[in-house]
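Residues or ranges marked as L-histidine binding site in TrEMBL: Glu80, Gly81, Thr82, Arg111, Gln125, Glu129, Arg254, Tyr258, Tyr259. Among the features that TrEMBL reports, domain 'Aminoacyl-transfer RNA synthetases class-II family profile' is placed at 1-311.
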Amino acid sequence: MINALRGMKDTLSPQSEIYQYIIATCTRIAQNYGFSFMETPILEETALFKRSVGESSDIVGKEMYQFIDKGENDVCLRPEGTAGIVRAFIQQKFDKAGGNRRFFYHGPMFRYERPQKGRLRQFHQFGAESFGEGDVREDATIILMLKAMFEALGIGFTLEINSLGCPACMPQYRTTLVKFLETREGLCEDCERRKLTNPIRVLDCKNEHCKTLLADAPLITEHLCITCKDDFTTLKRILDQFGVSYLVNPKLVRGLDYYSKTAFEFVSSEIGAQSAIAGGGRYDRLVEFLDGKSTPAVGFAMGIERLMELVKMPEIEREGYYIGALCDEALDVVFELVDRKRKTEKVLTDYDAKSLKNHLKIADKNFVKFCVCIGEDELSKQSVWIKDLVSKEEKIINIAHF
Ligand code: HAM
């Protein structure tokens with residue numbers, strides 16, 4: 001027997017209904033905020049992710065589904081959505097056209113991680129990316145949009161924010177941090193590597209010994225330039241004004257290399273160790289880095305499987321019809337009626353004649369609102385028997401009026 005690969009899974013009803021509900025809810029809200037849907041390929045050139053997500057990240061360093069295709073191209077299943085959207089943005093020459101563009105997307109992402117609860121190798125994200133707006137109010141708007149999505153889904157969260165600085169202040173902070181790291185002995189292997197490739201990622205290490213060694217590390221929030229400091233203050237002020245509680249975490253650096261200024265993560269305490277339900281931030285240098293015209297950008301992505309654990313679905317209401325035949329002679333009439341009714345309604349049926357009791361059982365199991373049956377009596381009178389399974393009311397009506 002062939003099973004799905006480790007860390008990959010099938011999504012069936014009722015979970016698939018929750019999945020669709022999350023997509024529909026977030027789509028509606030993203031559209032209200034002026035975002036339009038973009039679909040990009042799942043397979044992209046490996047170089048795209050190396051240059052955007054960054055060679056020093058775990059995603060590129062350890063987790064990519066990378067292979068050489070039949071045309072000798074080095075390709076990769078996308079580990080995240082931002083890089084593809086940025087590539088498309090540049091390819092469509094939106095960077096040259098200027099102005100603001102806002103896109104949302106959803107679909108499968110692939111990371112060859114060690115599978116555990118809440119961590120899959122194929123998982124799904126809903127994300128949004130905004131281009132052309134450098135004002136920190138856009139960062140605040142993205143966070144408010146996420147808050148609206150989680151509220152609509154009935155999901156509680158805590159929000160952590162940080163500012164990672166910009167080219168004016170980041171290099172200086174980096175030098176200060178590297179000097180500090182050189183005084184620390186006994187950092188783990190990953191940290192020793194990151195010290196050379198991307199030192200701020202050291203701050204994010206989960207190793208308890210590293211955490212102790214880094215307890216008094218210099219913090220980026222204390223080394224921001226005036227512009228970054230002002231923007232971070234404005235962001236906090238807007239969040240306060242809109243009643244969004246947050247925690248400033250100066251060690252929140254995110255696992256992807258493209259961020260500058262605002263970085264944030266939404267966390268849930270209800271789903272175990274893999275608690276990040278959404279993450280994002282500003283990435284003002286990425287468009288230029290991928291050979292486009294310099295364009296400020298900010299965005300987020302959330303993990304749909306993690307949200308599925310938390311979402312409170314509204315009570316499902318009975319809907320649609322079940323139509324069944326009580327005798328073989330009625331089968332053709334039922335078949336035709338089902339096809340006609342399906343033009344406007346959800347209709348279920350059965351191709352065998354059955355007793356009324358059995359039809360009612362199937363209708364109830366499928367949670368439809370009406371059970372409709374046709375037997376000898378109904379055939380002779382050109383009528384149908386119909387029962388409302390909510391009000392329990394039964395009646396016979398002319399088939400022409402059904
Ligand atoms: P990320 O933090 O790597 O950011 O992923 C976003 C979310 O995807 C996470 O918060 C988590 O909910 C979910 N996720 C990540 N890895 C897994 C996994 N292995 N299994 C299940 N869920 C997972 C990004 O991907 C950025 N592209 C976000 C962004 C958009 N930043 C700016 N724009």
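Residue positions begin at 1 at the first shown residue.
Glycine is no exception: its Cβ is also placed from the backbone N, Cα and C atoms.
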Across the record's L-histidine-binding residues Glu80, Gly81, Thr82, Arg111, Gln125, Glu129, Arg254, Tyr258, Tyr259, the largest CA-CA distance in angstrom? 21
Note: among binding-site residues Thr82, Gln125, least Cβ-dense neighbourhood at 10 Å is Gln125
With the Cβ atom as the reference point and anything under 6 Å counting, tell me which of the binding-site residues (Glu80, Thr82, Tyr259) are near ligand 1. Glu80, Thr82
Gln125 (L-histidine binding site) in three-state DSSP notation: strand
For the binding-site residues listed (Glu80, Arg254, Tyr259), most other Cβ atoms within 10 Å of the Cβ sits at Tyr259
Look up Arg254 (L-histidine binding site) in the DSSP assignment and reduce it to helix, strand or coil. coil
